[in-house]
Amino acid sequence: MAGQQQNNTLLSFKVGEEFFALDAMKVNHILEVSEITKVPNTPEFMKGVINLHGNIVPVVDLRVMMGFPDKGINHDTAIIVVSPDDQQENNLGVMVDMVKEVIEAEGIEVKPTVVDSKKSRIKNFKGTFLFENQFIHIVDVQELTIAAEI
Amino acid sequence: MIDKFKAKFVEESLDNVNDLEEALFALENDMQSKELIERIFRAMHSLKGGGAMFGFNHLSEFTHHLENIFDQIRNNKLEVTNDLISLTFSAVDEIKYLLDKGDLTEEEDLEEFNSLMEKIQAFLHDDGAPSVSHKTSSSNAVDDNSDSKIYLISFIPRENLLQNGTNPLFLLDDLHALGDGHSIVFTHKVPPFDALVPDYNYCFWQIILSTSEPVNEIKDVFIFVEDECDLSIEEVGKGSFKLTPPIEKLIESARQANSLIKSSELKILLNKVDKKEDNKSSQKAKSGTNKQKTQLKEHKISSIRVASKKIDELVNLVSELVTTQAQLSVYAEKKGDSDILTLAENVQKLSRQLRDNAFEISLIPMQSELMRFQRLVRDLSKELGKETEFVIEGGDIELDKNIIEHLTDPLLHILRNCVDHGIETPEERVAAGKSPKGNIYFKAYYEGANVMIEVTDDGKGIDVNAIKAKAIKRGLIHETDELTQKEIMDLVFTSGFSTRDTVSDVSGRGVGMDVVRKKIAEIRGEVTIDSQVGQGTTITLRLPLTLSIIDGLLLKVGFNKYVVPISSIEKIYSLAKEQLRDSFNRVVVIDNTQIPYVDLRDVFKEEKQETTNIQMVLIRHENKRLGLLVDEVLGEHQTVVKPMGRYLQRHEVISGASVLGDGSIALVVDTNRIFQFSGGNNSGKNN
């Protein structure tokens with residue numbers, strides 16, 4: 001899917017050695033990894049649930065979802081809480097290796113993403129663009145949330 | 001802006017439609033009731049008016065003609081017939097449709113609309129009554145005479161007045177709302193206590209009333225009791241009424257003699273009253289009247305309408321407050337500062353009260369849904385050629401609105417089953433020695449922290465052998481299985497089970513009792529069924545009062561904490577390892593009975609620590625019992641259950657989560673699902 005119309009503001013982050021980005025308007029919080037309550041009998045990518053201001057938010061590990069090796073948790077590891085539609089029950093925590101920066105993407109040329117669909121649970125991207133000599137793949141939040149359902 | 005008003009109008013109109021339906025039901029049983037006809041007329045009138053104002057032109061036009069019919073009935077020009085009631089019922093459906101759609105544009109819709117209109121108009125002209133073009137509604141309120149007059153009203157009800165639900169005192173109140181007056185009660189006919197029939201009326205009244213309202217207004221007060229009383233209204237004077245000593249004397253002597261005041265005597269006395277004063281006080285009386293009227297009106301606003309979303313928000317906020325307060329309590333205790341402790345305790349007290357209040361607000365009476373049930377039973381019975389009496393008890397029971405929302409469909413299905421499968425045709429019933437009319441009782445009541453709903457019919461009941469045979473045929477059980485009657489009954493809740501061979505249009509549209517059970521389980525309720533062949537069937541629903549708070553038992557399994565609702569826990573045991581048997585079946589022997597168990601550490605794939613003593617929580621679901629082995633029982637915990645959200649909602653045993661006082665999370669175990677998960681002794685497992 002080539003994204004012709006682009007989200008203007010993107011949040012970029014790192015998973016493994018690759019850079020990704022998602023619509024910054026859908027990002028609710030960026031958290032350090034704190035205590036995660038494991039939910040038994042769930043797929044490996046489902047890390048568990050956290051208490052975010054009294055609400056229960058599930059956390060998925062994007063590294064596992066995309067088939068990267070699990071590097072464990074260090075001080076760079078972060079949880080990006082995305083809110084696809086402002087509904088509390090649809091909020092989702094996404095664990096990434098590092099949150100990088102906010103990019104104003106207006107006017108940047110976006111090309112279709114090349115994906116190896118075997119490894120990753122997320123198969124459709126909104127495109128890839130070159131930014132400061134890095135290829136950044138735009139994650140479709142909708143796609144991400146669908147892939148996160150157990 | 002206008003859309004907002006429109007939405008409000010639709011909302012209010014639906015209330016009106018509800019009222020209309022309710023009155024129609026009552027009218028079906030009592031076709032002569034003027035009160036009901038009046039009520040129907042009024043509901044239609046406001047629908048018509050509002051419809052025109054908010055651009056629902058079809059609605060307005062449609063109700064206009066309906067209103068005409070009822071206007072004629074009101075004026076005794078038309079009679080209420082079964083046909084008319086049926087027609088009005090379909091008209092009510094059309095009104096609902098019109099409220100939903102606004103003005104019609106689709107060809108099909110218009111055709112239906114027009115055909116219904118024709119039917120209604122045919123009704124008007126059939127009886128040769130002239131169609132009424134002008135409206136006779138509330139225009140008679142205009143004062144034709146600003147001077148007030150004094151009337152002597154003698155109201156002598158028959159003994160049976162109370163039996164139709166009339167409270168004569170309300171009538172007196174209504175009279176006093178018209179103007180100043182004095183009422184005299186005669187009680188000499190009240191018999192000695194032994195001979196007293198409690199629901200008989202023995203009193204009668206005389207009222208001297210001064211009012212500027214026309215005499216018709218007075219008559220209107222008695223309009224519904226005309227046939228149950230002797231009434232005379234005589235004009236005895238002009239001006240306002242004043243209780244002068246001579247009049248007092250007259251009243252006193254009448255009362256002692258137990259004879260009514262004669263209008264002629266009163267007339268004479270009244271005319272002696274100073275004429276000068278007359279004018280002044282009449283002005284006063286008038287303003288007094290108006291005041292009283294407004295007072296009556298203001299009195300009516302005892303409830304307000306709030307968007308349900310706001311209530312949801314309130315309940316959510318309160319839930320969060322309760323959680324935060326729990327954290328505060330933990331902190332205060334840790335700190336040991338007595339000031340903070342006192343504050344924390346006060347906050348706890350307040351938030352508890354606030355919570356109770358907020359939850360109470362979110363409760364609504366079941367009444368609102370009952371109309372749909374009544375309608376279903378009526379329509380379905382007609383369609384199937386059955387006669388059914390539907391009796392509702394406990395319609396004022398209140399439930400969490402979320403529960404009611406989830407309850408409607410299962411209940412509709414149960415009732416559909418009752419009429420379709422349960423109640424026999426009149427011929428069959430007579431042949432079986434029953435009355436031709438079938439009965440369905442709907443009963444709701446509180447039982448502890450639960451609400452129970454029982455739906456009972458006196459139909460043909462369920463044949464245990466037929467179920468068994470069918471279950472064997474479907475492969476749900478094995479021929480050699482020994483099942484108790486209850487277990488067999490339980491099979492009807494298994495998916496893929498329907499006792500009727502052919503799929504009828506009515507029930508069995510692929511939705512069976514298994515869906516009913518599933519839906520009820522979603523709101524943490526239970527369904528049971530009991531039936532006697534030839535005598536009928538009872539379906540009982542046990543429901544929690546509210547969804548969002550539970551009393552739970554906090555458990556530890558592995559590193560995680562779990563909450564199990566206390567309502568489903570029977571006992572907690574400490575077992576020695578030897579008591580557990582893990583061979584071809586996993587059972588524990590307690591008090592000489594074998595109880596199946598599951599090890600939650602296996603279920604949740606946690607490592608087991610070998611200990612000599614094992615704690616087991618015995619849970620019960622309907623009549624099945626199951627032991628859960630856990631690492632540790634931590635204690636009781638009242639908790640706000642939070643949904644797990646979209647991503648985890650399909651989890652096999654976890655149905656929610658709860659934030660503990662220290663901010664950590666405990667997962668809520670759904671005991672119903674544990675039973676399904678464990679399979680074990682569950683005879684009806686096939687999913």
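Just so it is clear, glycine is given a Cβ too, placed from its N, Cα and C backbone atoms.
Note: TrEMBL annotation is automatic and uncurated.
TrEMBL lists B:10-37 with the feature coiled coil. Sequence-remote contacts of a segment are chain residues at least 6 beyond its ends whose Cβ falls under 8 Å from one of its Cβ atoms, and for the coiled coil (B:10-37) they are 43-44, 46-47, 50-51, 70, 73-74, 79-82, 85, 88-89, 92, 95-96, 99-100, 223-224, 305, 368, 371, 374-375, 378.
Summarising the annotation, TrEMBL assigns compositional bias 'Polar residues' to B:282-293.
TrEMBL lists B:1-102 with the feature domain 'HPt'. Per-residue pLDDT, averaged across the domain 'HPt' (B:1-102), gives 80.
Sequence annotations record features per position, and here TrEMBL assigns domain 'Histidine kinase' to B:316-547.
Taken from TrEMBL, the feature domain 'CheW-like' covers B:549-680. Each residue in the domain 'CheW-like' (B:549-680) gets a DSSP state, and the totals come to 18 helix, 75 strand, 39 coil.
The feature phosphohistidine is assigned by TrEMBL to B:His45. Cβ neighbour count for B:His45 (phosphohistidine): 20 (other Cβ atoms within 10 Å of its Cβ, all protein chains included).
Taken from TrEMBL, the feature region 'Disordered' covers B:277-297.
According to its DSSP assignment, B:His45 (phosphohistidine) is helical.
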